[in-house]
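This report refers to the structure that appears directly beneath it.
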Amino acid sequence: MACFKSAIVLFFLVSLVGSSSAQLTTGFYSKSCPKLYETVKSVVNSAIQKETRMGASLLRLFFHDCFVNGCDGSLFLDDTSTFTGEKRAQPNFNSARGFEVIDNIKSAVEKVCPGVVSCADILAVTARDSVVILGGPNWDVKLGRRDARTASQGAANNSIPTPTSNLNRLISSFSAVGLSTKDMVALSGAHTIGQARCTSFRGRIYNETKNMDASLARTRQNNCPRASGSGDNNLAPLDLLTPTRFDNHYFINLVNKKGLLHSDQQLFNGGSVDSIVKSYSNNPSSFISDFVTAMIKMGDIRPLTGSNGEIRKNCRRIN
């Protein structure tokens, strides 16, 4: 009898742990919104054709949403009288971008299936499509998330790793949301696309001479003055070699001390993940496989499902 009771308790514990992600399925909208994928991809493709950088910006929104209380679309909410949103949190302010593209996608989806698809799910599909359009891998996106009714600037400030994070901080930040060290390295490979503001790499190009390629440092200094407040918003590509194509060149850069951000080069600086970076630099298929696995895993972080949350009509405000 004791063994039977223990088994029952274990069953319920496992059920509780896995219940949220288990309710996400790749065919969640197959009947309720069959035109979802083509509708989303059309808008994403148009946005990236207009500005290639937007693909990286949209992918980054998914990271910044999922790391703060789960993948629940809370990042999109504007401030209200009852809560301060996440858009003005330090990692997002004057940095997170692409919200107007999400608005356009939501409007297009609402036209084909009103009141059905959450903003959180729209973002998950958008992130995948952005990677694909820029030459990266495809994967089946698990769906069924619902939207949060609140947001937390404080949680955003505390949960999202910064460009100045060291390796231990990166590992612990990802671990806090259930992602492994290998997941962290693979997901960091998203920096194979996109650009960073001078404020994010100024400290590295002037102060980290031992583990930064001297020629790259000088090049970046030309467009990022040492003095704070001068050229703060000037941009530089995160990937020196192929800044608009999703590939493994980010890791090749790191091996050659050409990571732009302090947090990038921390992944190859004599530490515990050097071997993973080296492997990805030599084996693109290994990186791609691990990236897809990690993206799916990240999409499973604490989703609202069932009757929790809501399906927002406008991603910027609760219904």
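Cβ atoms here come from the backbone N, Cα and C positions, even for glycine.
Its Cβ taken as reference, His64 (active site, proton acceptor) is surrounded by 21 other Cβ atoms within 10 Å in the chains shown. Look at TrEMBL and you will find His64 tagged as active site, proton acceptor.
In sequence order, Ser74, Leu75, Glu86, Ala151, Ser152, Ala155, Ala156, Ser159, Ile160 are the residues of the chain that are 6 or more apart from Val68 (Ca(2+) 1 binding site) and have a CB within less than 8 Å of its CB. The Ca(2+) 1 binding site annotation in TrEMBL covers Asp65, Val68, Gly70, Asp72, Ser74, Glu86.
Taken from TrEMBL, the feature substrate binding site covers Pro161. Counting Cβ atoms from all protein chains shown, Pro161 (substrate binding site) has 19 others lying within 10 Å of its own Cβ.
Less than 8 angstroms from the CB of His191 (heme b binding site) sit Leu238, Asp239, Tyr250, Leu260, Leu261, Asp264, each of them six or more residues away in the same chain. Feature annotation from TrEMBL assigns heme b binding site to His191.
Proximity of Thr192 (Ca(2+) 2 binding site) to non-local residues of its own chain (separation of 6 or more, Cβ distance below 8 Å) is seen for Leu238, Asp239, Thr242, Arg245, Phe246, Asp247, Asn248, His249, Tyr250, given in sequence order. As annotated by TrEMBL, Ca(2+) 2 binding site applies to Thr192, Asp239, Thr242, Asp247.
Taken from TrEMBL, the feature disulfide bond applies to Cys33-Cys113 (among others).
Annotation comment: TrEMBL describes Cys66-Cys71 (among others) as disulfide bond. Here Cys66 (disulfide bond) comes close to Val177, Met298, Gly299, Ile301: these same-chain residues lie at least six apart in sequence, with C-beta atoms under 8 angstroms from its C-beta.
Under the heading disulfide bond, TrEMBL lists Cys119-Cys315 (among others).
If you look up TrEMBL, you'll see Cys198-Cys224 (among others) marked as disulfide bond.
For 23-319, the entry in TrEMBL reads domain 'Plant heme peroxidase family profile'.
For 1-22, the entry in TrEMBL reads signal peptide.
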Exercise for the section: With an 8 Å cut-off on Cβ-Cβ distance and a minimum sequence separation of at least 6, pull the same-chain contacts of Asp72 (Ca(2+) 1 binding site), or say none. Expected result: Asp65, Ala120, Arg145, Arg146, Asp147, Ala148, Arg302, Pro303, Leu304, Gly309
Problem - Neighbour tally for Cys113 (disulfide bond), based on other Cβ positions within 10 Å of its Cβ - result: 15
Exercise for the section: Compare the C-alpha of Pro161 (substrate binding site) with the C-alpha of each of the recorded positions His64, Cys119, Cys198, Cys224, and give the closest one. Expected result: His64
Exercise for the section: Do me a favour and check the Cα-Cα span between Cys198 (disulfide bond) and His64 (active site, proton acceptor); whole Å is fine. Expected result: 20
Exercise for the section: Find the one among the disulfide-bonded residues Cys113, Cys119, Cys315 whose C-alpha lies closest to that of Cys71 (disulfide bond). Expected result: Cys119
Completion exercise
Rounded mean pLDDT within the domain 'Plant heme peroxidase family profile' (23-319) lands at 97
Problem - CB-centroid shell, 8 A cutoff, Ca(2+) 2 site Thr192, Asp239, Thr242, Asp247, site residues removed - result: Ile193, Leu241, Pro243, Arg245, Phe246, Asn248, His249, Tyr250
